[in-house]
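One structure below.
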Amino acid sequence: GIIFFVQIITGVFLASRYTPDVSYAYYSIQHILRELWSGWAFRYMHATGASLVFLLTYLHILRGLNYSYMYLPLSWISGLILFMIFIVTAFVGYVLPWGQMSYWGATVITNLLSSIPVAVIWTCGGYTVSDPTIKRFFVLHFILPFIGLCIVFIHIFFLHIHGSTNPLGYDTALKIPFYPNLLSLDVKGFNNVIILFLIQSLFGIIPLSHPDNAIIVNTYVTPSQIVPEWYFLPFYAMLKTVPSKPAGLVIV
């Protein structure tokens, strides 16, 4: 939740200097990186925060599966809706830097929608990824996190109906206090996550983005391999494995 809040704050600052136009999008990113005071820090914190949000989300989902939180249908369904909002937000945000991987990744994914009548035209504003596409994606990337923030509060509300340690909803008089043990564990986990976040943001220990995305879009040159962000690799592997577009979408 804290990293998600950092994403919203850094995203608002970045959006104030970003230009959603195919002629200026790449150069506006370079302007933020090279000419604005601490612009590089906001940009890399935003990029690293996306990876960290997905890492923590995947761990959160695995924890929910382990503790059978699917028996809390309202919490589970609201969490899945939030996860889908994260996926769409990350995808449209990946297109905004307007690098080679951004353009060709968007082209591949939007072409999957061609199995649905007029879906590509509605999504891209035309038959290909172009200027209307980046404008629509920018608006979606700005609005969806705030919708996701509302879903977060709904998710927490549903979770507290029965309690996070009571997935089956049994009413019992046996109450075991976990304070201050759980608080100390939360503080320890928070410190570890913040240290990891700052080290990756400021020093880039692990290369999370493909270097080809630092190259401006060339619609006549296709990259040798279209590599999405690491948190999309499982879905991309499913789509590449299944030869049929509709079947691939259904499996994903």
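For all residues, glycine too, the Cβ spot is worked out from N, Cα and C.
What TrEMBL annotates here:
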type	residues	note
DOMAIN	1-168	domain 'Cytochrome b/b6 N-terminal region profile'
TRANSMEM	41-62	transmembrane segment
TRANSMEM	74-96	transmembrane segment
TRANSMEM	102-125	transmembrane segment
TRANSMEM	137-161	transmembrane segment
DOMAIN	168-252	domain 'Cytochrome b/b6 C-terminal region profile'
TRANSMEM	189-208	transmembrane segment
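Between the transmembrane segment (41-62) and the listed ranges 74-96, 102-125, 137-161, the one holding the most Cβ pairs under 8 Å is 74-96. Broken down by DSSP into helix, strand and coil, the domain 'Cytochrome b/b6 C-terminal region profile' (168-252) contains 46 helix, 1 strand, 38 coil.
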